[in-house]
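Colleague: For reference, the structure I am asking about is given below.
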Amino acid sequence: MTNQDSDQAWGKLVKVDASPGSEIVLINSECTVGRKKDCDLSFPANKLVSGNHCKITHDQNSGKVWLEDMSTNGTVINMSKVVKKQTHLLQNGDVIYFVYRKNEPEQNIAYVYQSITPQESASHDVEDAGREEDSDLTETESEPAPVEPVIVKPLPQSGHEDPQPSTSSSSLHFYNMPLSTCSDVSARKNPVSSSAVCKGDSTSSGSPAQTRLKWTCWTDGEPEEEMQRKRRKTDRDDPGFGSAHSDASADIPLRGASGKEKTEGATTDKMEESLTCIICQDLLYDCISVQPCMHTFCAACYSGWMERSSFCPTCRCPVERIRKNHILNNLVEAYLLQHPEKCRTEDDLRSMDARNKITQDMLQPKVERSFSDEEASSDYLFELSDNDSDISDMSQPYMMCRQCPGYRKELSSALWICESAQSESLAKTAGDGPSTSSDSTTAAPQEFRCPPQASHLICTCCLQPMPDRRFEHLPPQVSPQHCLVCQKPFCHVYWGCPRIGCHGCLARFSELNLNDKCLDGVFNGNQYESEVLQNYLSCRGMSWRHLLQDSLQALQQGLYHLSDYRITANSFLCYCCGLRTFRELAYKYRERIPPSELPDAVTNRPNCYWGRNCRTQVKAHHALKFNHICEQTRFKN
C-alpha cells in the first residue's frame, strides 16, 4: 500500500450481528476477500469461502465502488446472487453475504458496505490519532521502556459462530474493543509484551506502512485454559504465530512488504490445497485412492464414508477398487518436513488409526483383465500374498473362488458390497445355478471343487471369480456362464450374482427379468410409437411379459425372424443383449398389429421415407406427423 493510497479511506464494511465497534475500514484501491491468508479480508478456517472469493475495487476518478465475484458458490448482495466473473456496483448500505445459507443462518457471513466521504475520512483519522495518543500516555505510565510491536492474531471463535476474519495489516483496521481493555487483557496474558500489543505505532520506528498499523487484541472472556488451548491450535495453523510470542524482539516480516514472500505464500497455499482431504479438510494422512476415478482421501475418512455409500465422495462415481497412493503419501511427508507446525497431534493420529477400517486384503489387486481374440483365455484375478519372502508357495492359484480349497469369504468380497448384503444374497440364490455350492460358513458338501491351477472366469457384473466350466457343455457357446451374443461371462445362472441391485445379469431369454420401463423408447427412441404400443397393450390388460412370450412363440413358429438366427427362447443372454433383442421382437409385434385395432390418428399418417431407420424420429413433432413402423423407401442402398 503506497502513501498515496493510505491518505484517506473511501469505505468501510460493518459486520452484521456484531458489536457496534466492529468495522473494517477500506483504504486500498483494491480489497480482496477469500480463504487464502494473503487476502486483505481472510477467512482461513471457513471452507464455505473460496480461496479468492471476491474483490472490491474503488475507482479514484469516478468514486464508484465495484464488487467482482471470483468464487465457486457466488456472493449474495441485497439477496441477489452475483456469480463468478460478474461485477456489481456497490451502493451505500448494501448488505454483502460472502456466505449465505438459507437453512443454516448461523453459517452466514454478512457485512454492510458504507461509503465514506473525504470529510468523514479526515475526521476518522483525527479520531484514530486521539485514540493512539491516549494509548501512548497510558502505556508510558505503566511501561516506560520501548518494546518492539508484536502481532497478536485472532483466536478462533467457540461454538458455531463464524470464525473472525484475519485481515491484511496494510489495508484494514479493526476496532473490536476499547484500548484500555486490550491493555488489561494483554498485561494479564503476557506482561512483557502487553504495552507493545496495544501501543500501536508510537513505539515503532519503521516504514510508513508499519507506522499506520494498529494492533488489535482479541478476547471473549473465556477461562485461561480454553484460551491457551486455542492459542496452541493457532500455533499449529500459523508458523509465524508461535515465533512472534516466543521472541518479542524478533523481526516480523509484514505481508506485502516483499513480492517474493507473497508469491511463496501463494505457492504454499496451493500445495496445501492439493494435499488436503475433502472429507476432513486437513492434510492427507495414510491416503488411499479409489478407482477408477482416482480421487484421494484419508484412509480413516473414507472408512466412515464407505459404510454409508459405495460411490466416490467427490464425483459420485461407483468405486470398484481401493489402492494405497504411495506418491501422495511421500509428498505429504515431504511437505510436513518443511512445515512441521501443520502436523496432526498424536491424539488425532491415534484416533485416525483406530477409525481406519480398510484392511490389507482390500488393498490387494483383485482383477487383472487380459483379453485376447486369438486365445479363449479368461480374466485373471491375482491374489497377492502378504508374505513377500522367497519361501512363499508359488504353486497356489492366482485367484480363488467359493469352490477353491482354502477359500475364505472375507478375502473375496467386493469392496462395494456390504458383508451382510452379500450373505443375504448368497443365501437367497443358493439354488439358482447348476452348482450346489453354499456359503463357506456352512458345513454342507459341495459337488464341485476347483483343482489346483484351475482356470477361472470373472463375472462382468460383480467382478467376482467363478470356475471356468464352459467346456463341460457341448457346444461351449451354450454354456450358462456366458452370454450367447457378447460372450461375456456372468455368474448369475451359475450360483447367483451377489452384486447389490442385480436382478439377473444372465438368464434364459424367456426368463429375462426386464423392468416395466423396457417399452420406453423401444423403437429407436421414438416416444410416440412407444406410447402407441403401450396403450395398445394396456387396453388389453397385457404387459411386456405377455409381449415377450407371444413374440417368442411366433419366433418358434417361424413367423418372426431375428437378425441373430442363433437366439431362441432358451438362449442365455445378458441383460443388455436381451433388451436389444426384445426391442427387435417388439418392432415385429407392433408391425403385425392390424390397423383396425389402432386409432385413426395413428393409421392416417403417411410413412416416413427413412422408415424405421429415421434419425429424426426422436423429435416429437416429426414422430407425430409421420409413421415410422415401416421400412426405408428412399436412398436405400
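Sequential numbering from 1, following the chain as shown.
Here the Cβ of each residue, glycine as well, is placed from N, Cα and C on the backbone.
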Colleague: Need the matching range: Swiss-Prot marks zinc finger on one of 514-536, 537-559, 606-628, and I'd like to know which.
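Modeller: From Swiss-Prot, the annotated zinc finger range turns out to be 606-628.
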Colleague: Go through the chain and flag residues at least 6 beyond the ends of the zinc finger (606-628) whose CB is under 8 A from any CB in it; none is fine as an answer.
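Modeller: Residues packing against the zinc finger (606-628) from afar: 523-529, 587, 634-635.
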Colleague: Over the span of the domain 'FHA' (31-82), count residues by DSSP class, listing helix, strand and coil in order.
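Modeller: Helix (H, G, I), strand (E, B), coil: 0 helix, 22 strand, 30 coil.
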